[in-house]
């Protein structure tokens, strides 16, 4: 999860989030270079009294500043499209989890198992145990296996919500009457926190998401205990 005064992204816990972070760094470097070049040219124009007359009306210069931005846009667009297709591609999922947004809590259903569903409410501050995080802890965590493709089916029963877990690179809108789909796969076990990222009403900030990613063996033990 995020740390105080943190400026960058949270540590990536999925292949998709790792690709998103690489793309962010790639694009940010291009933006930094362009900004530095423009700032240098502006400062040069303001501090230099002489004017180079041969560059005021030159076809070569116009050709360069027309083609160069197009090349830069291609360098940004190609990695972006690659990641977009990776995020939309749904391989054969090992598990399907359906989540419904409510005002103001989440409900989950493991559709591969009969009668395995529960609601997830935020834990009040007065009930927090030592080490638990205020406004982020819930009474029922979502337990999922690691290193397995998981299909998320996301919808809502009242207003617009957004199911978001930054460390996993997942952010999907929960829309009433519409079933959205997302892919989830983690590379390491851990506890990952998220929140609703759509302004859904008065208690919008009080519907957190907690995923507990465990090895397959521990997930099977949790299933036996729940069933």
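Quick reminder: no glycine exception, Cβ is built from N, Cα and C everywhere.
Here the structure is a predicted model, which means the values were calculated and not measured.
Looking at 27-46, 87-106, the range tied to transmembrane segment in TrEMBL is 27-46. The feature transmembrane segment, as given by TrEMBL for the ranges 66-85, 126-145, sits at 66-85.
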